[in-house]
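The following features are taken from TrEMBL:
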BINDING   59, 60, 109, 137, 140, 265, 266  carbamoyl phosphate binding site
BINDING   87, 170, 224  L-aspartate binding site
DOMAIN    7-150  domain 'Aspartate/ornithine carbamoyltransferase carbamoyl-P binding'
DOMAIN    157-303  domain 'Aspartate/ornithine carbamoyltransferase Asp/Orn-binding'
Ligand code: CP
């Protein structure tokens, strides 16, 4: 049996193109399972997984929980709000207490970049990074690339532009790594203040004009403005951002080709994307969410088999 080159999924940077292909092939099988009347397999029957979330989440937390339940794992959920973290307990003490209850795997979201990497140096359990601050969100990038593969048959050679707040986005960084490992061409587009200074060193194209970016690409992955991570004003107003970088159907219809629209969610309708674009036939936003469950099943299954 093929296996992953890693014990933890901390970031896309750490995994190989072969790892990604193995995750995709495994997710193909789990997607078939999810389309059956009985959507459950016994693969992780003896495994207990803790979803440990120190930051808000809708899609990722529910998607992991559903993936775990579809694999027949035992699941516990921890949210830092309402927990003893509020009484001063450290990250390591919190996780070690959870592990003392005979938990085998940790899925963690944390506001601090590197938090899952820190944990991986101190605990034995497998760790899946469900988003660490502005750093990486590996399963999001995997489900994004899987959705592009599903739409076009392959990722290699596709032109993908990531539009918006690249500076504060873990989705952008993980997508850049995943898409490049799979042979796609990647561009980033946004106000210059929301693009990291040295982004070109990652081998991506940079475009400040959104129309030119859309004319270049096959796929546009539209990101939210991450106001919760912004300590200062990066642009005059949301209204002005929408005027220059907002994607709407009129703009999409004015292009000389039909491109695919993606968004990792949560969407701020009327800011980075209009409802008529988000809900159009060009949008695969809900396909991304659907694929997230199969991708997370694949990641958990493959990591569990490394135990
Ligand atoms: N895409 C994503 O990570 O969404 P949530 O923050 O709702 O999990």
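Heads up, the Cβ atoms here are built off N, Cα and C, so glycines get one too.
Overlay of TrEMBL annotations on the structure.
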residue	record	DSSP (3 states)
59	carbamoyl phosphate binding site	helix
87	L-aspartate binding site	helix
109	carbamoyl phosphate binding site	strand
137	carbamoyl phosphate binding site	coil
170	L-aspartate binding site	helix
224	L-aspartate binding site	coil
265	carbamoyl phosphate binding site	coil
Sorted by sequence, non-59, 60, 109, 137, 140, 265, 266 residues with Cβ within 8 Å of centre, carbamoyl phosphate: 57, 58, 130, 131, 171, 264
Spatially, which candidate from the binding-site residues 87, 170, 224 is nearest to residue 140 (carbamoyl phosphate binding site), comparing Cα atoms? 170
Sorting the binding-site residues 87, 109, 170, 224 by sequence and keeping only those with a Cβ under 6 Å from ligand 1 gives none
DSSP composition of the domain 'Aspartate/ornithine carbamoyltransferase carbamoyl-P binding' (7-150), residue counts helix/strand/coil, works out to 65 helix, 26 strand, 53 coil
Far apart in sequence but close in space: which same-chain residues, 6 or more away, have a Cβ under 8 Å from residue 60 (carbamoyl phosphate binding site)? 109, 130, 131, 137, 139, 140, 292
Listed in sequence order, the residues of the same chain lying six or more positions from residue 224 (L-aspartate binding site) whose CB sits under 8 Å from its CB are 164, 165, 263, 264, 265, 266, 267, 268, 271, 272
Between the binding-site residues 87, 109, 137, the one whose Cβ has the fewest other Cβ atoms within 10 Å is 87
Give the sequence-ordered list of residues that share a chain with residue 170 (L-aspartate binding site), lie 6 or more positions from it, and have CB atoms under 8 Å from its CB. 131, 132, 133, 134, 135, 136, 137, 140
Pop the Cα-Cα gap between residue 87 (L-aspartate binding site) and residue 59 (carbamoyl phosphate binding site) into the table, whole Å please. 28
When each of the binding-site residues 59, 140 is scored by other CB atoms within 10 A, the minimum falls on 59
The largest Cα to Cα distance in Å among the residues 87, 170, 224, listed in the record as binding L-aspartate, is 32
When the binding-site residues 265, 266 are compared by other Cβ atoms within 10 Å, fewest goes to 266
